[in-house]
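Colleague: Before I ask anything, let me first share the structure, which is written out below as structure tokens.
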Amino acid sequence: MASSTLENQAADGWTPSSWTTKPIKQDVAYDDKEGLKNALVKLQRLPPLVTPQEIVNLKNSLRNVALGKAFVLQGGDCAELFDYCNQEMIEAKIKLILQMSLILIWGANKPVVRIARIAGQFAKPRSSTTEVINGVTMPSFRGDNINGFDPNPDSRTPDPSRLVSAYFHSSATLNYIRAALSSGIADLHSPLDWGLGHVITPQIKEKYEQIVSRVTDSLRFMRTVGLDTARGIETVDVYTSHEGLMLEYEQSLTRLCRDPPNAVPKPSHATSNTTTSQTTPPSSSSSHYATSSHFLWIGDRTRQLTGAHVEFFRGLANPVGIKIGPTMEPTELVDLLNVVNPDKEIGKVTLISRYGASKIASHLPAHIKAVQESGHLPVWQCDPMHGNTRSTPSGVKTRRFTDILSELRQALEIHRAQGSFMGGMHLELTGEAVTECVGGAAGLTEDGLGERYTTFCDPRLNEKQALELAFLVAGFYRDRAAEEGDVNAM
Ligand code: PEP
Ligand code: CO
């Protein structure tokens, strides 16, 4: 696509590069300016990684989540590495998300929208731009698409060719996800083949097998009555997502595209301010789609109302997330929604709340109230990870399973009490048997953290903890449904 098309001036001054005129947080300073230019030119020529049709499918599903008709499960690594681009690790993560979603469908009695933090979750915001290792000051590790983890100033220098590498690693990961899904990795006829890791406790295994046996029974019945012929049982949708932190990268992969037929027609001012456009049929409208992944979010550290990230995000047709923590004021939250989603499209914005178990009760109620009064209907998603990070006495970053569960339970109850929906959860997890978060049925203690602590950023739930959490959250829904006398849930 010609860059002149990309730079088409929208009515309200937004262009894919208008963010460059705003103050930016968490910026990366490249010494190699020529290298950066070449990398971005290359990225602009490469094909989109995902299509508007897929993006709009996700947006339509998230609309259902906002309306309380579906649940969204989002999860994956805190920092994805190029090294994770291998069959085993991709499969482990996708299977875990599939298993968790099956448990949640059973629990919440709703369809589950699956979004992985994968195929692009490389860039990380950091609290400090530099760190001292063995007495040497060097730039902090900012993620595989920016610099190397090796603790020496050379590897830590931002290298623009890593942006192109990020594209190709995203592309290879996504290709394998697509291939695995279309080859039946998610086939509901054999959810036991999705394979539970050997570390699963017998109780979890038994519960999981019970759900699978109910699903298998239903499928057998459908086959008997001849309803098992439609496509849909052999595969599911898994969408990709990452934090939209590196705006140079995102801009290069943002394309002006014709809106697909499944797009909800938008008000005229979104494409043009001329009166003729008001009668333009929706099929001939076009929008800017970030095509690096289906869903992008703004981090808690880059969500300033007048900053570069909010400016970039407000022009995208994708569904987008905004992380909100304890420092967010209710009025600021509404201002932000008005900027990012002026048309109040239902489910276009996912508010990813991450206050911490001890703070959620004093922040979420006012946030929900302000949003309800504003007339916006976002997806409310609980991220029970980022407000619950703590250090052990010996300085290891960890999270307690009980805090994670507590924040989720409180989120559910608070939403319910205010006539709102907790539409989903956002987790940092991995299909590997890591030892990074403490607690869970296997009783991982702080002393055991050193065993397989492999994260390059925040501590993740391991497979066992993630499945256990899915069962517990499913249990909250089933208990409540039973209290309310919903016979389907018994
Ligand atoms: C993250 O999701 O990894 C992250 C950095 O989160 P937050 O912006 O909520 O701190
Ligand atoms: Co994180």
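In case you wondered, yes, glycine gets a Cβ from its N, Cα and C as well.
In case it helps, TrEMBL gives these features for our protein:
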- Cys78, His386, Glu428, Asp458: Mn(2+) binding site (BINDING)
- Arg117, Lys323, Arg354: phosphoenolpyruvate binding site (BINDING)
- 257-288: region 'Disordered' (REGION)
- 268-288: compositional bias 'Low complexity' (COMPBIAS)
Colleague: Any idea what the Cα distance is from Arg117 (phosphoenolpyruvate binding site) over to Cys78 (Mn(2+) binding site), rounded to a whole Å?
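Modeller: Arg117 (phosphoenolpyruvate binding site) and Cys78 (Mn(2+) binding site) have their Cα atoms 8 Å apart.
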Colleague: Tell me the Cα distance separating Lys323 (phosphoenolpyruvate binding site) from Asp458 (Mn(2+) binding site), rounded to the nearest angstrom.
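Modeller: Per the Cα atoms, Asp458 (Mn(2+) binding site) and Lys323 (phosphoenolpyruvate binding site) stand 16 Å apart.
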Colleague: Could you check which of the binding-site residues Cys78, Arg117, Lys323, Arg354, Asp458 have their CB within less than 6 A of ligand 2?
Modeller: Cys78, Asp458
Colleague: Glu428, Asp458: which of these binding-site residues has the sparsest Cβ neighbourhood within 10 Å?
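Modeller: With the binding-site residues Glu428, Asp458, fewest surrounding Cβ atoms within 10 Å: Asp458.
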Colleague: If you draw a 10 Å sphere on the Cβ of Cys78 (Mn(2+) binding site), how many other Cβ atoms land inside?
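Modeller: Around Cys78 (Mn(2+) binding site), other Cβ atoms within 10 Å: 22.
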Colleague: Apart from Cys78, His386, Glu428, Asp458, which residues in this chain have a Cβ no more than 8 Å from the mean position of the Cβ atoms of those residues at the Mn(2+) site?
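Modeller: Residues close to the Mn(2+) site, other than Cys78, His386, Glu428, Asp458: Met385, Thr389, Cys457, Pro459, Arg460.
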Colleague: Other than Arg117, Lys323, Arg354 themselves, what residues in this chain have Cβ atoms within 8 Å of the centroid of the phosphoenolpyruvate site's Cβ atoms?
Modeller: Glu243, Trp297, Gly299, Asp300, Gly321, Ile352, Asp383, Met385, His386, His426
Colleague: Taking the Cβ of each of the binding-site residues and counting other Cβ atoms inside 10 Å, which one has the highest number: Arg117, Lys323, Arg354, His386?
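Modeller: That would be Arg117, with the most Cβ atoms nearby.
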